[in-house]
Amino acid sequence: MSSLEISSSCFSLETKLPLSPPLVEDSAFEPSRKDMDEVEEKSKDVINFTAEKLSVDEVSQLVISPLCGAISLFVGTTRNNFEGKKVISLEYEAYLPMAENEVRKICSDIRQKWPVKHIAVFHRLGLVPVSEASIIIAVSSAHRAASLEAVSYAIDTLKAKVPIWKKEIYEESSTWKGNKECFWASNS
């Protein structure tokens, strides 16, 4: 086997790396093209409301599929200011039975409108410091248009219909924010 000698701060002068992986002649299992084409994967919706810090990597891993060429994400984070006030953190509360039900409806609506494979909606509850994610929505699909449109629909509809409340915590005060996009708060 050929090898490459590397000298850098990461390796000693004697480090040798293979240029190609070793060949394994007698593989225990070699999937045929037919096996790979017939892979059927059940679609899934993963919904989670949690006080734990959200991870973009963990949420995006939930929607990966060999049948899909696109994963679209929306990540909402706490910004450090609002109308000239310094924001320290946000605090979220939700009416969980209704919130979970409404998010399930959003997932169902998405599946009626676009050919998507997997959907994950994670929303943080409790305190969310500046720069941390409060919501992550991930959608996978065969092609990008479906997942991009589905993610946009998901965040817009979530803000309009899901009973989640946000308190902005400033340096010297705090205030519960009304969601202007929420259907039950509109004056019409």
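Note: Cβ is positioned from N, Cα and C throughout, glycine not excepted.
Keep in mind the model is a prediction, meaning the values are calculated, not measured.
According to Swiss-Prot, of the residues Ser20, Ser65, Ser20 is the one noted as phosphoserine. Spread of the substrate binding residues is 37 Å (greatest Cα-Cα distance among His143, Arg144, Lys159, Lys166, Lys167, Glu168). Within 10 Å of the C-beta atom of Arg144 (substrate binding site) sit 13 other C-beta atoms, taking all shown protein chains into account. Under DSSP, Lys159 (substrate binding site) is assigned to a helix (H, G or I) in the three-state scheme. For Glu168 (substrate binding site), applying a Cβ distance below 8 Å and a minimum sequence separation of six or more within one chain yields Phe82, Lys85, Val87, Leu90, Ser174, Thr175, Lys177.
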